[in-house]
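Undergrad: Swiss-Prot lists these features:
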type	residues	note
ACT_SITE	His115	active site, pros-phosphohistidine intermediate
BINDING	Lys9, Phe57, Arg85, Thr91, Arg102, Asn112	ATP binding site
Amino acid sequence: MEREFVMIKPDGVKRGLVGEIISRIERKGLKIVAMKMLKLDREMAERLYEEHKGKPFFDDLISYVTSGPVVAMVVEGPNAVEVMRRMIGDTDGAKAAPGTIRGDFALSKARNVVHATDSPEKVAREMSIFFRDDEIVEGYELCHSIY
């Protein structure tokens, strides 16, 4: 099974979209194996977005993601990175397809509700910023039976 790091950004939390986003993830068949709400400090935010350091939007991005609470998650499932990237849609909400998280909820390219790691090679690094190994739950199966 592949893992993916997902973070609901401050605009998603402040607008009450956490439950909707989690529901979409679970309905798609991805399993949440770690989750926490926290307020990022500058150091964590800079580590998460280190690939953008030096770009014109970097300081605004860091200010934005440290402006309020976020919900960090690790999800697991077959092709989790690809599945999650398709679910969230284009970085620019105006270009994101309807039905994707960003297509439905993004306010702008900067305030686009959710972050998800863009490649399997980066997942372990991003997960380690937020979670220790012992915080990731192992060994449970999803049961979609209706009672």
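Heads up, residue numbers simply count up from 1 along the chain you see.
Backbone N, Cα and C atoms are what each Cβ position is placed from, and that goes for glycine too.
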Undergrad: Roughly how many angstrom lie between the C-alpha atoms of Phe57 (ATP binding site) and His115 (active site, pros-phosphohistidine intermediate)?
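TA: So the Cα of His115 (active site, pros-phosphohistidine intermediate) lies 16 Å away from that of Phe57 (ATP binding site).
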Undergrad: Restricting to the same chain and to sequence separations of six or more, state which residues have a Cβ under 8 Å from that of the residue listed as 'active site, pros-phosphohistidine intermediate'.
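TA: For the residue listed as 'active site, pros-phosphohistidine intermediate', the qualifying residues are Val6, Met7, Lys9, Leu48, Val65.
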Undergrad: Determine the minimum-neighbour residue: among Lys9, Arg85, Arg102, listed as binding-site residues, which Cβ has the fewest other Cβ atoms within 10 angstroms?
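TA: With the binding-site residues Lys9, Arg85, Arg102, fewest surrounding Cβ atoms within 10 Å: Arg85.
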Undergrad: Here are some binding-site residues: Thr91, Asn112. Which one has the most Cβ atoms within 10 Å of its Cβ?
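TA: Per the Cβ count, the most surrounded site is Asn112.
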Undergrad: Which of the three DSSP-derived classes (helix, strand, coil) applies to Phe57 (ATP binding site)?
TA: coil
Undergrad: Within 10 Å of the Cβ of Phe57 (ATP binding site), how many other Cβ atoms can you find? Include all protein chains, please.
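TA: Total other Cβ atoms inside 10 Å, all chains included: 12.
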